[in-house]
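Here's the structure, in structure tokens; my notes come after.
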Amino acid sequence: MPPHRNGNLSMVYFQDFVLEGFEGGLGTQALLFAVFLALYMMTVLGNLTMIMVITLDAHLHSPMYFFLKNLSFLDLCYSSVITPNALVNFFSPSKVITFAGCATQLFFFSLLVTTEGFLLGVMAYDRFMAICSPLRYPITMCHSACTRLVLGTYCGGCLNSVVQTSFTFRLPFCNSNHINHFFCDVPPLLQLACGNTAINELLLFGICGIIIVGVTFVVLISYGYITVTILRMRSGAGRRKVFSTCGSHMAAVTLFVGTVFVMYAQPGAIESMEQGKVVSVFYTLVIPMLNPLIYSLRNKDVKEALWRLGQKYTAM
């Protein structure tokens with residue numbers, strides 16, 4: 001692309017970006033490659049297992065596990081948008097990603113992560129309806145209603161992704177083409193822009209803040225009512241089952257919302273890229289790997305379904 005000249009100021013617009021990734025020599029890169037590969041393999045194995053078990057076991061064909069299967073799908077997808085390219089770049093001499101490739105990666109990453117945030121709020125609402133309104137639950141959370149809720153989360157994620165991607169890539173990137181990160185994300189890209197990024201920063205903090213506050217509000221209200229209902233239960237076994245199910249979801253929400261807040265919804269997040277890389281590893285690799293473990297290890301129904309599936313295929 002030809003340089004644009006304005007008076008005595010020369011600005012070169014880049015067609016490609018370079019993902020700098022993590023600092024360190026060959027030994028450090030090899031160690032990080034091994035860590036990323038191990039986490040990604042566990043993420044793929046865990047989430048595919050959850051999807052398979054929920055799909056094949058008729059006992060898990062309920063709204064709660066329908067949402068959980070979609071959560072596993074999102075974890076698998078948004079980790080896969082980032083990790084394979086990062087693994088290649090650990091030993092790549094160039095670490096180049098095209099302008100279109102960078103925009104595509106940002107679009108799908110933003111879409112999937114935002115959708116997951118909304119889905120966690122929907123899952124809290126589902127638990128609220130199941131525990132606090134059990135008689136209305138089969139009607140309120142019928143299959144068509146669950147499908148519409150999931151589609152709504154994707155629509156919300158797509159809207160945020162379109163806004164963030166379009167506003168980010170309409171900026172002129174002429175300061176440098178070296179992205180101080182291991183994938184294309186809004187904060188490191190804004191550091192490269194030579195235009196005014198005030199609107200972009202406002203959109204990033206504002207939209208992410210609204211999403212985080214909204215999801216947190218729905219979760220807290222839902223679990224407030226759930227807690228009151230649990231305390232009224234006379235059955236100790238019923239209480240333990242509800243606490244186990246809700247505890248898994250609260251752990252997933254806390255991990256996800258906490259890391260996203262640190263990365264996107266606090267002042268100064270754009271400047272602290274070294275901290276941002278570490279936080280990004282946590283929510284692109286660690287959380288998608290932990291979610292299947294959280295829901296399977298603390299969920300009796302999932303463990304029983306895994307046992308039944310194992311018995312079925314070992315007997316064949």
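In case you wondered, yes, glycine gets a Cβ from its N, Cα and C as well.
Annotated domain 'G-protein coupled receptors family 1 profile' per TrEMBL: 46-295, in sequence order.
If one looks beyond the transmembrane segment (30-54) by at least 6 residues along the same chain, the residues whose Cβ comes under 8 Å of a Cβ in the stretch are 22, 24, 60-61, 65-66, 68-69, 72-73, 75-76, 79-80, 83-84, 86-87, 90-91, 281, 285-286, 288-289, 291-293, 295-296, 302, 305-306, 309. Taken from TrEMBL, the feature transmembrane segment covers 30-54 (among others).
The list of residues near the transmembrane segment (66-86) in space but at least 6 beyond its ends in sequence, with Cβ under 8 angstroms from a Cβ of it, reads 19, 21, 36, 39-40, 43-44, 46-48, 50-51, 54-55, 97, 105, 108-109, 112-113, 115-116, 119-120, 122-123, 126, 143, 146, 150, 182-183, 252, 284-285, 287-289, 291-292, 295. Under the heading transmembrane segment, TrEMBL lists 66-86 (among others).
Nonlocal intrachain contacts for the transmembrane segment (106-125), taken as residues 6+ away from its ends with a CB within less than 8 angstroms of a stretch CB, comprise 64, 67-68, 70-71, 74-75, 77-78, 81-82, 149-150, 152-154, 156-158, 160-162, 164-165, 168-169, 183-186, 189, 211-212, 214-215, 218-219, 222-223, 249, 252-253, 256-257, 260, 283. Sequence annotations record features per position, and here TrEMBL assigns transmembrane segment to 106-125 (among others).
Taken from TrEMBL, the feature transmembrane segment covers 145-163 (among others).
Here TrEMBL flags 202-226 (among others) as transmembrane segment.
The annotation transmembrane segment is assigned in TrEMBL to 247-266 (among others).
Feature annotation from TrEMBL assigns transmembrane segment to 278-297 (among others).
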Surrounding residues of the transmembrane segment (145-163) on its own chain - C-beta under 8 Å, 6+ positions past either end:
63, 66-67, 70, 107-108, 110-119, 122, 126, 203, 207, 211
